[in-house]
Amino acid sequence: MINKGILRQFLAATAGSLSIMNVGIILGWTSPIMEELLGPDSPIPMSVDETSWFVSVIDWGLILGSLPFGVLADRWGRKPSLQIIGPMALATWVALLYVDTFQGLLAVRFAQGLLAAGAYTVLPVYAGEIAGPKIRGALGTMFQIMMYVGILYVYAAGMFLDYRHLTYAAMAGPVVFCALFATIPESPHFYVMKNRLADAKQALVWLRGDDTGSSVDDEMDSVVECICKEMRNASFTELFTDWVSLKALIIVQGLSVFRVMAGVTALISYASITFAEMHVAVDANKLSLVFACSVLFSALPSTVLADRVGRRPLMIVSCASCFAFDTAIFAYFYVDRCTGYDVTEYGWLCVLAVGGLSVAHTLGLGSLLSTINCELFPSNTRSIANAVNTITLTVASFLALKIYPVLADDGGMYRNYLISSVFSLTSIISCCLWLPETKGKTFAAIQAQLRKTDDLV
C-alpha cells in the first residue's frame, strides 16, 4: 500500500505545478497560431522578424519578474507567491481577446512573462521544501511534466481552434490551478524561517501523512536546526562571496544554458515551421502534437530514475544523447540545403531524431535542473539563487528564440542544430567534471557535503 504521506506530497507538488502548466500553455500557444498570424487573414498581421519578437518578448518579463518573485517568496511565503499567478494569468488571456495591435500583443506577452517568472522562481523551491529526501527528485520532475502537459494541451486544442477560440481554451489552466492549489499547505521550511514553528509542524504533519504528529518530530528538529544555522551563518551576499556557494551557482547557471541551447526550447515554440522543412507528408501541426506527446511521456521515466539512478548519471546520459541527436538533425538539414542531395525519403529519420532529442533532453536536462538548483543552496538564499537561475534561463531562451527563425530563414535550419550540437558536447564535459551527486540526501547533509570539500564532487 502506498504511503499516505507520499500521496499527499505528490498531490501538493502536482497542485503547485499547475502554475507551471500555465507557463506551458503560454509558451506553446504561439506554435499552433503561427501559421494564422503569418497568413493573409491574420487577426494581427506581422512579419517573420516580428514573430520572433512575439515569441521572445515573454523572456523580458521573465528577466524583470524573477528577482521580485524571489524576494516575495521569502517575505510573503512560497504559496501566496504562487497563488497570485492564477488570477493574473486569467486576466492576460482575457486581455488578448481585445488586443488588435502588434504592440498590444507584445505588452500582454510581456505580462505573461512576469507571471512565468513567478512559477519558474518559486515552484522549484516549494516542491523541494515539501518533499522528503527519498522522493525529492521525483517531485522535482513534476515541474517539467506539468509544463509539457500545458504545451500538449494547447497543441492539441490548436489543431481545431483558431486564434480567438484557442485563447478561450487557454483560460482553463488558471481556473483549475486556482481551485486546486488553494487547499494545499505552505512550505514548512518557510514557516520555520519566520519562526512559526506550530504552523511548520502542522504543515509537516499533513505532508508526511502522520495525523498524530509522532513521527515527524525528528524531521522537524532537523529542519529547525538546519535553518537556524543557515540563517545565522549565511546571508544573501554569500551567494556571490563564498567560494562554495559561488561555484554551485556557476554550475547551475551552466546547466541552465545547456538546457536551453540543446534545441528543445526553440522547438517548442517553432515546432510547426521546423517540421514543415522535413519533407514528410503529414501536417506540421499534427507532427507538433506528436512532438509534444513524446516530450511529455519521456518525462515520466525520470520521475522514477531520479531517486534510483541519481542526478549525475542521468544528466550525463541526457547530455550525451542530446549531442547525438542534435548532430543527426544538423546533418539532415545540412545535406538537404547545402549539398543538393535529395533527402526527401529520409524525412522520417529526421522526425525520429527530433523525437529522440525530446526524450534525451527530458531525461535529465529538462527534468532535473529545478531539483538540482533547489538542493545546492541553503534556505535563506534558495529563492534568490533560483531567481538568478531564472534570469540566466531567460536570457539564454530569449537569444535562442530570437535567432532560431532568423537562422532558419532561407534554408539555414542546419545552423541552429550545429550550435545545439556544440553546446551539448560542452555540457557532457561539464557534468562529468563538476556536477555533484545529491540523491537521497537531506538539505543539511548536502550543505555539509559541499562545505566539506572544495571541488563539489
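Keep in mind that glycine also has a Cβ here, set from the backbone N, Cα and C atoms.
Note that the structure is predicted; figures quoted are calculated from it, not measured.
Summarising the annotation, TrEMBL assigns domain 'Major facilitator superfamily (MFS) profile' to 8-439.
The annotation transmembrane segment is assigned in TrEMBL to 52-73 (among others).
Under the heading transmembrane segment, TrEMBL lists 80-99 (among others).
Feature annotation from TrEMBL assigns transmembrane segment to 105-126 (among others). Listed as Cβ neighbours of the transmembrane segment (105-126) (distance under 8 Å, sequence separation of 6 or more from its ends, same chain) are residues 16-17, 19-20, 22-23, 26-27, 44, 53-54, 57-66, 68-70, 72-73, 78-79, 81-82, 84-85, 88-89, 92, 95-96, 99, 140, 143, 187, 370-371, 373-374, 382-383, 386-387, 390, 393-394.
What TrEMBL lists as transmembrane segment is 138-160 (among others).
For the transmembrane segment (166-184), the residues of the chain that approach it from at least six positions outside its boundaries are 11-12, 15-16, 18-19, 21-22, 25-26, 29, 32-33, 79, 82-83, 85-87, 89-90, 93-94, 96-97, 150, 153-154, 157-158, judged by C-beta separation under 8 angstroms. According to TrEMBL, the transmembrane segment annotation covers 166-184 (among others).
Within the chain, the transmembrane segment (257-275) has long-range Cβ neighbours (under 8 A, six or more residues past its boundaries) at 27-28, 30-32, 34-35, 55, 151, 155, 284-285, 287-288, 291-292, 295, 319, 322, 326, 329, 351, 354, 357-358, 361-362, 365-366, 369, 392-393, 396-397, 400-401, 404-405, 408, 413, 416-417, 419-420, 423-424, 426-427, 430. Residues or ranges marked as transmembrane segment in TrEMBL: 257-275 (among others).
Annotation source TrEMBL lists transmembrane segment at 287-306 (among others).
Beyond the ends of the transmembrane segment (313-334), by six or more residues, the same chain brings 255, 258, 262-263, 277-278, 302, 305-306, 343, 346, 349-350, 353-354, 356-357, 359-366, 368, 372, 413-414, 417-418, 420-421, 424-425, 427-428, 431-432, 435 to within a C-beta distance below 8 angstroms of the stretch. According to TrEMBL, the feature transmembrane segment maps to 313-334 (among others).
The transmembrane segment annotation in TrEMBL covers 346-372 (among others).
Residues annotated as transmembrane segment in TrEMBL: 384-405 (among others).
Residues or ranges marked as transmembrane segment in TrEMBL: 417-435 (among others).
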Can you work out which residues elsewhere in the same chain, 6+ from the ends of the transmembrane segment (138-160), have a Cβ less than 8 Å from its Cβ atoms?
9-10, 13-14, 17-18, 20-29, 31-33, 123-124, 127-128, 130-131, 166, 169-170, 173, 268, 271, 285-286, 288-289, 291-293, 295-296, 299-300, 302-304, 306-307, 362, 366-368, 370-371, 374
Contact count check, CB pairs under 8 angstroms to the transmembrane segment (346-372), set 80-99, 287-306, 384-405; argmax is 287-306
Per-region confidence, the domain 'Major facilitator superfamily (MFS) profile' (8-439) (mean pLDDT, whole number)
86
At a C-beta cut-off of under 8 Å, are there same-chain residues at least 6 beyond the transmembrane segment (80-99) that contact it? List them, or none.
16, 19, 22, 26, 44, 69, 72-73, 105, 107-108, 111-112, 115, 118-119, 122-123, 126, 164, 167-168, 170-171, 173-175, 177-178, 181-182
By Cβ distance under 8 Å, which residues at least 6 away from the ends of the transmembrane segment (287-306) in the same chain are close to it?
28, 31-32, 137-138, 140-142, 144-145, 148-149, 151-152, 155-156, 159, 264, 267-268, 271-272, 275, 278, 280, 314, 351, 354-355, 358-359, 361-364, 366-368, 371, 439
